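A.B. asks: Structure in structure tokens, see below.
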Amino acid sequence: MFGYKFGSPRRYATFGQGSGPIYMDNVQCRGNEPVITNCSYSGWETHNCRHYEDAGVTCFNYDKAPTVQLVGSGPRSGRVQISFNGQTGTICDNSWSNNDARVVCKTMGFVDGIAFKGSYYGRGSGAIFLDRLYCNGREGTIFGCPNRGWTIADRSCTDHSKDASVVCYNEEVSISLINGPTGNQGIVQITIDGRPGTLCGSTFSSTSAKVLCKQMGYLDGTAQSRSLYGNTTGFSYMYQPSCDGTESKIWNCKNQGWNVTTRYCAAHNNDARLRLNGTKRGYGRAEVAIDGVWGRMCTGYSSYYTANAVCKQLGFTGGNSVSSRSSGRGRIYIRSVSCNSNAESLNQCSISWGTTRYCRELNVQCYGRVRLTNGNHLSTGSIEVNINNNWGSVCDHNWKAANTRVACKQLGYDDGLTACCSAYGNHPKAIIENVNCAGTESRLQDCTHDNPHKSSCYQHNVAVICYKGTKPTTYTWKLGGGNNYTGEVLVDYMGTTGRICSDNWDDNDARVVCKALGFRNGTAYNHARFDYYYASHGPFWLNNVGCTGSEATLNDCPLPTTPLGGVSKCNSGKAAGVLCADISGIYYRINGPQDNMGRVEVSVNGVWGSICNTGFDNREANVFCRTLGYSDGRAQVVSYPNPSGPVFKSNFQCTGDENNLAACPHQGWLKATDYRCSNHRRDASIICYDQVRLATGFGPDIKQGPVQYYSNGTWNLVCDTNFNDLSAKRICQDIGFFDGKAICCSAYGIGFQFWYNGGYRISNMTMACTGNEKSSMECLQESTCESQNYASAICFNDTDVINENYDFHFHDSTDKSGRIEVSHYNTKGRICSTFWDDTNARVYCKKRGYPDGIAYHSSRWTWTSVTERGPFWVGSMNCTGSEPSLKNCSFTDRLTLGNCSQADVGAVSCFDDTSGIQYRLAGGDKKEGRVEISVGGVWGTVCDLFWDKREAGVLCRSLGYSDGYSVRGAHYGPGSGPVWLSRLRCTGTETDLHRCPHNGFQSEVVDGSTYSWRKCQSHDDDASVVCVDKLKLNLGLNASMGAVEVYVSPSWLGVCDDGFDDNAAAVVCRTMGYPNGVKLPGSSFGVTDGPIGVTKVKCSAVMKTFSQCAQTISRTCPSGLYASVYCSMDDIVDDGIKVELDPDSTSGQSGLVKVHKGGVWGSVCMAGIDKVFATVACREFGFGGGIPYTSREKDIRPILMADVKCNGAERSLKDCSYTAKSKNNWCDYYAPRAGVLCYNTSIQFRLTGDTDKSRGRIEMNVDGQWGAFCNSWTDSRIGRVVCKQQGFVDGIMVSGNKYISPDDEPMWYTSTRCIGNESSITTCSSDGFQYNGYYRRYYEWACRRRTGPISVQCYNQEFKISQLRLADGTNSSGRVEVFLEGPNQWGTVCDDYWSDVDATVVCNQLGFATGTAIKRAAVFGQGTGQIWLDDVACTGSEMNLKDCPSNGFSVHNCQHTEDAGVTCKGVYVPPTTPPIVSTKPTGKGGPVTEQITGGKSGSDSGTAAAIAVPIVIIIIVGAVLGFLYYKRYGNRFKDLREDLVDEAPKHGGGGVSLRPSGAFFSKFRSGGASSSAQPGVTNPSYEFAQPSTFSPESDS
């Protein structure tokens, strides 16, 4: 085809990934075709590929094609040698398989072959021509197999040590049984090429034996012990064959390799033995005996898998390595051994035989079906149990002493104690909970138990201490931390070091401890431990210690409520700590230039010192300042002079709610010895605030900023109404200055720069001082604050020389462009961009000596601190152009600015000529291309950061068009010159692009060699547009169908469908560049950019453009429907109704149902689709039947069939009844489209993995193959769907760790999302049936190794909350718990968004008048068991908590550290009118059966789901960038309707969003949208549209 003589194929984008369409797939050529399009293939543009699968070729023009021969043995076997172009070489054995060997041997005239690796027939020489072949076995030559490339070999293939070899045969491989008493039994002998050998494998199974026996002509067979038939010597062909029973030949089975000549294999066959040499069964040094003599084995540092293999070989369930010694006695047989995770014995491991001078012995702890982790592994640790060959932890809900006894007996002990409160850390996989043993069971697994609802028992893992005999009654204690005066009190009991729970731990207890240590006084504190995920702190041995202070030692103190070793709960979660001293008390002070700011100092035992700032943040500062009588405080990173004394490294962990610093958990008063703290370089320092402050901070140099006052625990901005200079003076005097001036109108903007210092909240309070007040708080008065602006102040000292003049200048006097700085009152400020225009800019530029200049608005989102940016000093600048300077123009000042809260900053660009700014499009045609801008005569480009339809619209309208589409990524090629503009933030109303807010003009020239990963630093990020004029279709760029929209300045209007006919449709399409077009039913394509406003359209068939058609501008459209069209480059022929399957998976048996009607392809509405429909459709597609299925694919085509009803006898869907539009179901453009999953024989569902038929993993059998489903988070709605599908009333999703599916069983879905009312799991949204997406491997790995498959617990009772109670408090206060019928269990409520409104509903329900919300389990401790509710959003009108909107049952992202509580007061008086109760919507508008709200006041929220492993690492840089992105896009998307449509409605709110990797929870509640709003009308992916892209592909 290209003129070469032959070629070799390449796969997986060897030469890089292409772009644009993928035209061909599954190409099959015979070799004699003149062009590739003559080969067979799937169909033009029919594929299931992505560009990482792009095919390639290497062409050759040599006279002689390469040849293959075998070297090193005989004609049937040897090293594969290639001769090519006068050179000889080899093939590297990476990926070398029997398929590759088969092709080599068939080329040489044999029937088949077996692959050998590792230079089996010796090393070759010369080049290494090929590596990583991927033959399928059917190729005619090895050079036709896909490969990595000629002479492109892996780095491991450089020395011919991995040359590939083969053994070829013509069915002459013989298998015989030797040494047996009869011919049908004995040792397996294989003879290949005249060389006999055996099979080496201790795990040779009966399944493998069946394959081998059938290959020999027998009907069946079973494996026998080799020792029955004596020994053999010599060669072994195959190592550890493992068959599944489907293979036709034994060498087709999986195996651990060929050419097995290791001594261990021979030794094993000669009855080598293995043992553990230790004092306890299952524990000791691993040893092997050969010929009756025992010897040691050595291992590397990573020995877990080796220990596991040893234990399994010895008959245990598994095992772990324990501390290994570096030397020992006795001979060494194995100098190194390495096993993988699947090894069942040492026979499956890599073993190096022989001795060594240094031996790290393998010491092993083996276990059965229960084991202990993180303790000593023998008698102490967290319990893990093995169920269905899956290991997991046990959650402590309802755990009792009988359970501990059973577990310890199973471990070989007499009894045990429960180690409270995740004593040995957390574990990632939970497998059972709610265990209930009688005490007589022999195994923990035999006790009744439930499945956890989450994949982890976070902070609630069961841990035990087991013992033999009777437990002791005495204990010893000491101080931790290596000193005798401060630290955690450690208790040694039963050989295990533990702690004392700090519940009710007080100074009396501490005094006893300290007296025993020789001190006169003692102070108690809560000792903090860093509870990272795997932290192992040991058990709490004591709780509620009741010392009076007179006891001689801690052992003499009574334990009034909990006996020694009987602690089951520790409400504080902290340990008891003491500070011992001869001088009583701990004292604090601030040492700094002012009373309220400085270094934090503490007196310990009479010695003053400082505190290291490790862990000391705003929470500690807040508590400390409130202790000193201030309102609030902030931590500083400031070094104050003259530090002295020791530095105490206390590591405070305040929550911020404590009454004083001493009440915060910390780690004692140890003197720091490390370099970071001991040299006073990291002394903690703070600033304390009274009731008023500047939001910019506090200090002698901080003289300006927004004014805030403190009230009800919150800093609030002061309204600027009636705020005057007297108010500013009073405030400035209160914070230490002499005088001050007022500034109105939110002069610092509403940016995030001072949010960290109290947040942006404008109150309805102002400060209107008269001059007689002694405190600014006396000026505080209520105001309506109609301006909605905050007040600011600038302060002065009495020594300041104040300059009230205005000075306008650039930051750098040499600049020609940038923000204009305004100096006023000795303070740098800015110009408010309101009314800032070119006339003002020219005045400024002429003053600086330039002939011309233009104005632009510098974006307010450019990061600068509040003090660096300064206030808006002037606004509403209004020059006539004749003024000599800006200060001669009229403008508003600091007291009359107007609203500048949302304003940008006035900026200019001055020119040396008068050419100004010009625009053009390059690289395309007159309507499309790269955006280029000329500034001062120099052409450059615009960066595409933040480039979207608003910027494109402004640009296109400035060029005379109606609107435009944004295109990114230098689509029309990279430009040259400067990247003049970036970070544009247009509203869409600007007249020119440069008048949009942006970051300024950048004149630096970027050449073609410039590369940077940073945006806007190269021309790879040049922005482009495609402009449209007067007419468009609402589906966006390159759309060939959609709603007809006409531009009537200044907006787009839809065309009324009344009277719009095929002539009009044809003219519309002709105008859009399509020769053919037809009318479709009205309003077929979702939401348009504007309302219907063009009516009475009349076109003739000969008209060329839509502007020639008669039309009227009017909002009157009787039908209320807009005109819809379908355009095509080909003739549109109405040849009847056709139905096709649009497959979305490689199997080709699932996908969307496409229907061809009226010459147009469309889809079928999903509403009402059932199995009968699916079966009729699938039979039409050539299958036996089918079930309804929600496809992963987007469909932008219109819905042409709705309300389809089939009776099952139809031969085609067109024979079923249907309507064009549904009047009763959700079938608009955004409705789900009908899909089917087809089968040939049958599809079945089952719950499996458990003896209880009401629980297990859900599996689906498709044509005889069972497979499971996966999801990366737990969602109760999935459980409800699955259980109802299986015939139960309701259900919940539970942890799948107990039900891990076999690795060889497929995972049908790896990401699943249900609403809750679907008929089957296949109708839930998913990543597609066996779809091979980019992320699927990761999801499947996580599912099989971390979260487990979708598993459920089903019930024959509907879920509902029937009871409510307050726990661990009083009758009027406590932790809120609800009883859920179905599971019939009590559970807690998470405190996300928990408010006084929610608390009042709870208290009303209990008979009280009001309620106060308690968060973070702060008062009443943590609950146990399930968390039934999260994101509760009561409105206050509900009579019952169950009526309040929430996420749904057990849908949360919480731990019990977030349990909600209430404090109730008063007597409830019922309302005289019936309350309004939140109800669940039952409408037909969409698949919603449970309302999930995101706002506190009726806001509509979307679906929420709980993440399986709730561990999130937050990087501060990412947070800032994310915030900037949110501010850029979150606000801009509010009122934006995009130009492409998404696959399905997107439901937002409630702080929950769905992403390809799962559900993301935000702890911030969003406002949400009205419930009447149509979901899914925006599509952020539009921002990345390319002109060649019509239907964006998704890989989620």
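A Cβ is built for glycine as well, from the same backbone N, Cα and C atoms used for every other residue.
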A.B. asks: Which one of these stretches, 1469-1500, 1565-1596, shows up in TrEMBL as region 'Disordered'?
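C.D. replies: That would be 1565-1596, per the region 'Disordered' entry in TrEMBL.
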A.B. asks: If you have TrEMBL open, could you say which of Cys769, Cys785 makes the disulfide with Cys779?
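C.D. replies: Cross-referencing TrEMBL, the cysteine bonded to Cys779 turns out to be Cys769.
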A.B. asks: Considering Cα atoms only, can you say which of Cys339, Cys879, Cys1206, Cys1216, Cys1324 is the nearest neighbour of Cys986 (disulfide bond) among these disulfide-bonded residues?
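C.D. replies: Going through Cys339, Cys879, Cys1206, Cys1216, Cys1324 one by one, the Cα closest to that of Cys986 (disulfide bond) is Cys879.
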A.B. asks: Just give me the nearest neighbour of Cys1314 (disulfide bond) among the disulfide-bonded residues Cys243, Cys339, Cys557, Cys1390, Cys1403, Cα to Cα.
C.D. replies: Cys1390
A.B. asks: Can you give me the Cα-Cα distance between Cys349 (disulfide bond) and Cys664 (disulfide bond) in Å, rounded to a whole number?
C.D. replies: 53
A.B. asks: Over the span of the domain 'SRCR' (1031-1128), count residues by DSSP class, listing helix, strand and coil in order.
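C.D. replies: Helix, strand and coil residues of the domain 'SRCR' (1031-1128) number 13 helix, 39 strand, 46 coil.
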A.B. asks: If I take the alpha carbons of Cys1206 (disulfide bond) and Cys1324 (disulfide bond), what is the distance between them in whole Å?
C.D. replies: 22
A.B. asks: Report the listed stretch (587-689, 799-911, 1245-1355) having the maximum count of Cβ pairs within less than 8 Å of the domain 'SRCR' (1139-1239).
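C.D. replies: Looking only at 587-689, 799-911, 1245-1355, the most contacts with the domain 'SRCR' (1139-1239) come from 1245-1355.
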A.B. asks: What are the DSSP helix/strand/coil residue counts across the domain 'SRCR' (799-911)?
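C.D. replies: Split by secondary structure, the domain 'SRCR' (799-911) comes out as 17 helix, 40 strand, 56 coil.
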A.B. asks: May I ask for the distance between Cys547 (disulfide bond) and Cys1390 (disulfide bond), taken between their Cα atoms and rounded to an integer number of Å?
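C.D. replies: Rounded to a whole number, the Cα-Cα distance is 36 Å.
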A.B. asks: Nearest to Cys253 (disulfide bond) by Cα, among Cys664, Cys769, Cys779 (disulfide-bonded residues)?
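C.D. replies: Nearest in space to Cys253 (disulfide bond), counting only the disulfide-bonded residues, is Cys664.
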A.B. asks: Reported as an integer number of Å, what is the Cα distance between Cys1324 (disulfide bond) and Cys889 (disulfide bond)?
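C.D. replies: If we compare the Cα positions of Cys1324 (disulfide bond) and Cys889 (disulfide bond), the gap is 65 Å.
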A.B. asks: Quick one: of the disulfide-bonded residues Cys243, Cys339, Cys654, Cys996, Cys1216, which has its CA closest to the CA of Cys1390 (disulfide bond)?
C.D. replies: Cys654
A.B. asks: Which one is closest to Cys879 (disulfide bond) in space, judged by CA to CA distance, out of the disulfide-bonded residues Cys339, Cys654, Cys664?
C.D. replies: Cys654
A.B. asks: For Cys779 (disulfide bond), identify the closest of the disulfide-bonded residues Cys889, Cys996, Cys1454, judging by Cα separation.
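C.D. replies: Comparing Cα positions, the closest of these disulfide-bonded residues turns out to be Cys889.
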A.B. asks: Can you count helix, strand and coil residues in the domain 'SRCR' (1364-1465) using DSSP?
C.D. replies: 16 helix, 37 strand, 49 coil
